[in-house]
């Protein structure tokens, strides 16, 4: 009786799931094909009727990045066809706001804070986030990011509450040394009065804005969001860049895709003695759009080899083409021939050298290209990461561009105008000024915007803040460098790049200093439609793997005939974007193209019609 009942239940169970019908359909469909692996083909046939994979477990662990600093790895495990399966993992890149010339105490404190933050992130992933994301589909990125955002907001509120309680407790304690701050401030004021020039400089230089606080454990948010995106792409059996493009365009895949042009770091100008030049943190090359990325990167590698030969020729004899006006000193000893030959690699994956003036690295590049039969401005372009925020001397109220040489923000603008006029093959300046010098940013955009990209990296705010507050006060610029760090989520990037695209600002995906071997940044840049991608130099494994990924995507898109040629076009800023008006919250001039209200962002200043990159006759 029991056996008969079980048979009836089994028959009903299989009929309810249409197993007999689908088995008959499978056998009828496969027999004409007579596949070599029949059971494999049956498995493929029935897999389309299986339940969609769901997240069953997150695993967080502490790992090391490319410079030996601790960072976070997040693994995604899904239930696939009734079995738990590891789908993928993502490793976050570490990012530090500590400048290169920081004191040992500051560096040590930063390392301890970073280590504690990674430990907290591991706890968040393995405990609360593991529970909160269980049973969600990895393809539901918006829902996952919504949960992550709510959790992070809750943690921020908890942190604020703790700080508030600590402040109240401190206020209740008698201030034994309350007079010290005022006493220490008074001498500075008196000193400023005694030196009228110093007082004027102090009034004209806006103070540095406080660094944005980073909540310990925030890596868990960004790492989990990226890992889920990679899992969604794997489950959907498409490359990550296509998955990102679908997310950005609401599942409407573009017919063609444009690859971002790489900004390849070739030189890192050392800021320590005996070198004098401090302004150029990175000297980068950009291949032209007329050649493939593969050809362009090969061309840049040839230039790097030639530069190494010029920096350290056989016998260490100075090259006469690279000497400055002090030729006698250059011929006395090979070691003092500028630029100084330091055949070392930076953590950025590029050559390290020291220079004594602004023109030396540019003339070095010109010489290297000339020796190879290449022309700067035609066969390759130049970009400079100035990192000006690291050069401000707040006592003098000026930037120290060379050892002992200081310039005010207004003088910096004049210097850049002269530099671009003399070397028109420079098509991008990154962080040429501090973000606080907004009037000078506006002036420089009016003067150079039609000839050169003026890009904010450190001068831009965090992605999450910029996405939430579209009117946040950042300088007028051609575009911003976005970095996937801390609590940044994939949805933040898709929303923000849509905003920037609508305002015709360029997007650059940038690699943090502490890069990992995870190559997802390239897929993000391609999927988001970034104009440039800033990956560092063509050395060091964690950076080369990203260039290899970029070349692989180019090959795949070319094979599928979905690759569209990139273009370089500059932004002509309106003359009405004067410094005084830029600091206000007025809307862009009515003569410019209108945007929906939700896309208007006065702080970024809507540009006028773009100007095409000048031809070869101009950039020579």
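Just so it is clear, glycine is given a Cβ too, placed from its N, Cα and C backbone atoms.
TrEMBL assigns the feature region 'Disordered' to one of the listed ranges (163-214, 215-266), namely 163-214.
In TrEMBL, the region 'Disordered' annotation falls on 94-117 of the listed ranges 70-93, 94-117, 118-141. TrEMBL assigns the feature region 'Disordered' to residues 312-339, out of the candidate ranges 32-59, 284-311, 312-339. Across all of the domain 'Enolase N-terminal' (55-244), the predicted model scores a mean pLDDT of 83.
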